Amino acid sequence: MFFWCACCLMVAWRVSASDAEHCPELPPVDNSIFVAKEVEGQILGTYVCIKGYHLVGKKTLFCNASKEWDNTTTECRLGHCPDPVLVNGEFSSSGPVNVSDKITFMCNDHYILKGSNRSQCLEDHTWAPPFPICKSRDCDPPGNPVHGYFEGNNFTLGSTISYYCEDRYYLVGVQEQQCVDGEWSSALPVCKLIQEAPKPECEKALLAFQESKNLCEAMENFMQQLKESGMTMEELKYSLELKKAELKAKLL
């Protein structure tokens with residue numbers, strides 16, 4: 001025959017009797033040990049659950065200047081570690097767990113597991129590794145690149161969208177992307193401004209050569225007209241000086 005025995009609150013005071021008397025008596029928390037000590041002029045109390053139980057609520061309490069405990073909603077529940085939780089999934093444990101117990105996780109249909117599919121209850125009342133989550137295999141709406149946009153309104157598993165850029169911009173990255181297990185298949189693309197291409201050096205040289213050629217042809221034509229007119233260079237120079245003087249006089 002087996003009997004269950006509830007272990008009532010055990011209290012250990014590591015402060016002077018006068019300080020301890022100023023703080024009110026705490027309500028009992030079954031299956032726990034409460035240790036109080038003085039820290040920087042305040043009474044600090046800590047709950048520790050016995051083996052096979054885990055803490056729910058606040059672990060550490062302060063007896064403040066008003067000689068009141070700041071919180072008393074604490075309890076020790078059966079099971080060495082907190083009950084496992086997995087939204088949109090299930091796990092192998094069906095009752096209170098003990099130290100070193102292991103559980104496995106599995107997600108419901110249309111959800112994918114993110115994290116480890118196993119976890120173990122440790123001596124310090126924690127699970128390791130942390131519990132996973134079950135994430136929908138559908139995707140969240142994608143973002144728009146700066147100076148760009150996407151086309152498509154279906155974000156479910158297997159659906160595709162296409163990215164485009166505004167006028168005078170070009171796309172850098174993957175244009176068409178697919179929803180795969182809750183994630184888009186590629187990173188968000190970027191829209192970059194189309195820069196006017198600079199003229200090549202050979203084109204610049206060709207332009208300079210053409211201008212020089214045109215200048216030479218103009219000089220040859222001028223010299224030919226001068227020769228045909230019978231005017232000498234001295235007469236041309238004198239004529240230009242007269243024209244210059246006439247223009248200057250008109251400006252005055």
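Cβ atoms are placed via backbone N, Cα and C, with glycine included.
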Per Swiss-Prot, the disulfide partner of CYS134, chosen from CYS107, CYS121, CYS139: CYS107
Disulfide-linked residue for CYS179, taking Swiss-Prot as the record, within CYS121, CYS139, CYS216: CYS139
Swiss-Prot annotation, disulfide partner among CYS23, CYS49, CYS121 for CYS76: CYS49
CYS63: disulphide-bonded cysteine as recorded in Swiss-Prot, out of CYS23, CYS81: CYS23
Partner cysteine of CYS191 (disulphide bond, per Swiss-Prot) from CYS121, CYS165, CYS216: CYS165
Candidate cysteine (CYS8, CYS121) that Swiss-Prot pairs with CYS81 in a disulfide: CYS121
The domain 'Sushi 1' (21-78), counted residue by residue under DSSP: helix, strand, coil: 2 helix, 31 strand, 25 coil
Reduced DSSP assignment, CYS191 (disulfide bond): strand
Separation of alpha carbons, CYS179 (disulfide bond) and ASN98 (N-linked glycosylation site) (Å): 41
Distance [Cα-Cα, Å, rounded] between CYS76 (disulfide bond) and CYS121 (disulfide bond): 16
Average model confidence [pLDDT] within the domain 'Sushi 3' (137-193): 95
